[in-house]
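A.B. asks: Input: one structure, supplied below.
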Amino acid sequence: MSTKIDGKQIAAEIKTNLAERVNKLKAQGIQPGLGTLLVGEDPGSMKYVAGKHADCQEVGITSVKKELPADASFDDIAAAVRELNEDPACTGFIVQLPLPKGINENAIIDMIDPAKDADGMHPYNLGELVLHVRGDISTPLPCTPRGVLELLDAYDIDLNGKEVCVLGRGITIGRTIGLMLTRNAVNATVTLCHTGTRDVADHMRRADVIVAAMGSAGFVTPDKIKDGAVLVDVGVSRVYDEEAGRYRIKGDVDKACYDKASAYTPNPGGVGPMTRAMLLANVVEMAERHA
């Protein structure tokens, strides 16, 4: 029987631990704070940011919110980033992406103080991840890849020497999880598949673990995986449900794969809650480093 990897449960346990650590920091006169910069009124982005602040309230982290209109200029956004860099109430912060059309997102991310980069996506912090194959890393780690590894660890899924096939090369998960999986502490062997990969299914069938992050609904089907594979579904697609008359979130892994797998993350309810929990963890760890 395959094991359902419950991201909601593990994220809840992590948040309980973080709340205890926040209380210890407060006893030392240190109040962790998460800042968010939201530009425009995209419903998805607004909902996501609201969820982050609800998480903050749950563990005792202060919310620092900055909002700009959709027609904000590059200079307006840059000024808001500088304000968050200098705000002592803000331990770490994120710039909610995507930014409005025409705004250079990479240039904005570059302006974030690496020590306040709650998403772990600043070039300096990614560089630290590239350089430090051994030992501990004291800089923030990308939230989604970290969440995946924490989730697998919570279920005692050993990745040492395992063949891991990563589907998708986006910076949020595909490229960065490869760096984390190949660190000495994890020691997996990684194949990164993308749009230029020949015979993706052949790579998938050899994998002990598949991390699907393509945004292609139901791409991973039973004929493409081996018996007993571990399936981690990070893909997000909005698919119209004719019966319900509305859009639903669907992952990259077809549910028909679950019986063939040894373990799987549902989607939604698998990796998503862990990504949010890791954002909080990054902020608490930033505060602890300055305690």
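Glycine too: its Cβ is placed from the backbone N, Cα and C atoms.
As annotated in Swiss-Prot:
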- G168, R169, G170, T195, V236: NADP(+) binding site (BINDING)
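Any idea what these are sitting next to in the structure?
C.D. replies: DSSP assigns R169 (NADP(+) binding site) to coil in the three-state reduction, placing it in neither a helix nor a strand.
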A.B. asks: Using the residues the record lists for NADP(+) (G168, R169, G170, T195, V236), what whole-number Å value is the largest Cα to Cα distance?
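C.D. replies: Between the outermost Cα atoms of G168, R169, G170, T195, V236, the distance is 17 Å.
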A.B. asks: Taking the Cβ of V236 (NADP(+) binding site) as the reference point, list residues of the same chain whose Cβ is under 8 angstroms away and which are at least six residues distant in sequence.
C.D. replies: G215, I249, G251, N267
